[in-house]
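First up is the structure itself, then whatever we jot down about it.
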Amino acid sequence: MTIETLSTQSKAQVLAEALPWLKQLHGRVVVIKYGGNAMTDDTLRQAFAADMAFLRNCGIHPVVVHGGGPQITAMLGKLGIEGDFKGGFRVTTPEVLDVARMVLFGQVGRELVNLINAHGPYAVGVTGEDAQLFTAVRRSVNVDGVATDIGLVGDVDHVNAAALMDLIAAHRIPVISTLAPDAEGVVHNINADTAAAALAEALGAEKLLMLTDVEGLYTSWPERDSLVREIDTAALEQLLPRLEAGMIPKVEACLRAVTGGVPSAHVIDGRVEHCVLVELFTNAGTGTKVVSA
């Protein structure tokens with residue numbers, strides 16, 4: 001069934017059922033981490049851009065933080081540069097960082113800005129380097145219980161929320177590439193999940209949405225019946241050591257956001273067309289909701 005095949009009455013019912021969520025979210029900030037299939041499949045890319053325009057025109061303030069891992073990997077391959085991952089994070093040498101800056105802001109960010117702006121003059125692309133939006137601090141990762149260096153990879157030490165609030169007040173949609181200098185001006189690549197959580201906390205967001213390529217959070221992946229629809233932070237912390245490496249940054253981001261005061265974080269299925277609207281405006285949703293213990 002598509003929207004075209006619904007009766008007029010059914011369409012009206014769908015819209016009416018969204019009213020409680022529209023009222024809850026009106027005037028509020030929603031931070032969305034955009035990544036996975038949603039940014040490589042053309043139909044999903046178009047749907048995501050339309051969702052952002054929809055939120056903006058409903059009086060909701062979306063702030064988009066995008067990844068770009070597959071695109072960075074592809075460009076590294078074209079340039080003959082070897083890449084590596086440790087603990088779910090890309091090892092970032094100065095050479096890899098140059099490629100990441102080029103791809104994240106010059107390619108991925110531009111494409112998303114243009115897709116959103118096909119609906120109106122809404123989106124503005126920025127990086128953590130602009131207006132001192134982010135200050136980074138170098139981080140390591142835990143691999144088999146050992147702190148391991150991963151190069152020019154940072155965590156968010158500080159967020160200059162005022163830099164984004166100016167854009168939000170002007171009814172723009174910030175589209176953020178996660179590159180930021182440390183206190184000495186050395187630029188670091190920040191994991192987009194990590195950056196999205198820090199932004200959600202600093203902006204006092206109502207929700208943090210994390211787009212993934214799975215249906216949500218599984219307690220015993222790949223057992224399909226272990227999918228969790230809602231989990232609190234205490235249970236999630238217990239689960240963290242058993243998760244696959246690629247899911248760890250996303251779960252850490254949800255924990256950081258909710259612990260920092262964001263009412264809920266959501267790990268949602270980015271393979272579902274209009275997944276953002278499905279999660280925000282329907283009872284069923286399309287993923288796992290994380291709430292405070």
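Backbone N, Cα and C atoms are what each Cβ position is placed from, and that goes for glycine too.
Over in Swiss-Prot, the protein carries these features:
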| type | residues | note |
| --- | --- | --- |
| SITE | K33 | site 'Transition state stabilizer' |
| BINDING | G68, G69, R90, N189 | substrate binding site |
| SITE | K250 | site 'Transition state stabilizer' |
For the recorded substrate site, whose residues are G68, G69, R90, N189, find every other residue on that chain with a C-beta no more than 8 angstroms from the centre of their C-beta atoms, and list them by sequence position.
G67, I72, T73, T92, A100, L104, N191, A192
Just going by other Cβ atoms within 10 Å, which of the recorded positions K33, R90, K250 has the emptiest spot?
R90
Tertiary neighbours of G68 (substrate binding site) (same chain, Cβ under 8 Å, six or more apart)
G35, M39, A100, V103, L104, Q107, V108, S177, A192
Under 8 Å between C-beta atoms and at least six apart in sequence, can you list the same-chain neighbours of N189 (substrate binding site), or say none if there are none?
R90, T92, V96, L97, A100, L152, V153, G154, T178, L179
Including all protein chains displayed, how many Cβ atoms other than that of G69 (substrate binding site) lie within 10 Å of its Cβ?
20
Cα of K250 (site 'Transition state stabilizer') to Cα of G69 (substrate binding site), in Å and rounded, measures 14
Need the DSSP three-state call for G68 (substrate binding site) to compare against my parser.
coil
Cα-to-Cα gap, K33 (site 'Transition state stabilizer') vs G69 (substrate binding site), nearest whole Å:
13
